[in-house]
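Student: Residues or ranges marked as GTP binding site by TrEMBL: 19, 66, 94, 155, 254, 255, 256. Marked as [4Fe-4S] cluster 1 binding site by TrEMBL: 26, 30, 33. TrEMBL lists 32, 70, 118 with the feature S-adenosyl-L-methionine binding site. Taken from TrEMBL, the feature [4Fe-4S] cluster 2 binding site covers 249, 252, 266. Residues or ranges marked as domain 'Radical SAM core' in TrEMBL: 10-227.
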């Protein structure tokens, strides 16, 4: 049977990546959380509905899947979801890491390839401040277990926050920790999305990149979003800069599915959402096509 043509939006961007929010529930209360750019208004999708949505996307050319939340490890049926997925080239999961140590190996066995773990600081008191009372020790244990179970490369997500974790000392400490994982981890430095009046917390990513430029032995670009990557003292560092970035939008190949079942063309916009709840497989495919037609670069 002939493979279907890939989904291409009105701006010529081929859609090959799907980001699925499995739940809006979370066991932390991070000061910068953007809730995947959407406040849910209905029930979470069932395991069957999530798998159907992923299967529909796969049949339309999507090859990379990212599972996220909220905190996706709060879904009791997460392994069932993983075991039921079509053969994506890459299946990853973003987690705060607090529940990861006890589940890492079963997630690997169920079909998960790798994890992104939120790690904004290595200081326990600063971690509690950022997360609203979280325990750093449990996250560090989760990262260690993820490496042991080969959910690698583990990507360490560090959102830069002004006056909290954007100093050269904080960057040095995080580079040293990433280096200690002996090639099993990548450090991602992420620009704050300043929703709900958080502009005052936005760290100076340009200053941090200047330090990386000076120290890097190699600099290159990732195809997705044209993200810059640096090799610093043997550590791979990726910079994620979504704000006011026309390249980020121009090379975006991702569509999103919210926890309450809406295909979301853009992280930064609530326009053009398409509901998939109650649809069969063919109906979900048609919903994808409508959502892709609704895609517009947020920054042009």
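A Cβ is built for glycine as well, from the same backbone N, Cα and C atoms used for every other residue.
I would like each feature placed in context: is it buried or exposed, what are its neighbours, and how far apart are things?
Tutor: Sequence-distant contacts of residue 255 (GTP binding site), defined as residues of its own chain at least six apart whose C-beta falls under 8 angstroms from its C-beta, comprise 15, 17, 18, 19, 57, 62, 263, 264, 265, 288, 291, 292, 295.
According to DSSP, residue 30 ([4Fe-4S] cluster 1 binding site) is assigned to coil rather than to any helix or strand.
A C-beta separation below 8 Å, combined with a sequence spacing of at least six in one chain, links residue 70 (S-adenosyl-L-methionine binding site) to 21, 22, 23, 24, 25, 26, 35, 259.
In the three-state DSSP scheme, residue 266 ([4Fe-4S] cluster 2 binding site) falls into the coil class.
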Student: Which ones, of the binding-site residues 30, 32, 118, 266, have a Cα no more than 10 Å from the Cα of residue 94 (GTP binding site)?
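Tutor: Final answer, ordered: 118.
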Student: Give the number of CB atoms, excluding that of residue 32 (S-adenosyl-L-methionine binding site) itself, located within 10 Å of its CB.
Tutor: 19
Student: If you measure from the C-alpha of residue 266 ([4Fe-4S] cluster 2 binding site), which of the binding-site residues 33, 66, 155, 254, 256 fall inside 10 Å?
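Tutor: Qualifying among 33, 66, 155, 254, 256: 254, 256.
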Student: Counting every protein chain present, what is the number of Cβ atoms, excluding its own, within 10 Å of the Cβ of residue 66 (GTP binding site)?
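Tutor: Excluding its own Cβ, the number within 10 Å is 19.
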Student: Give the sequence-ordered list of residues that share a chain with residue 30 ([4Fe-4S] cluster 1 binding site), lie 6 or more positions from it, and have CB atoms under 8 Å from its CB.
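Tutor: Spatial neighbours, sequence-distant, of residue 30 ([4Fe-4S] cluster 1 binding site): 96, 118, 130, 131, 132.
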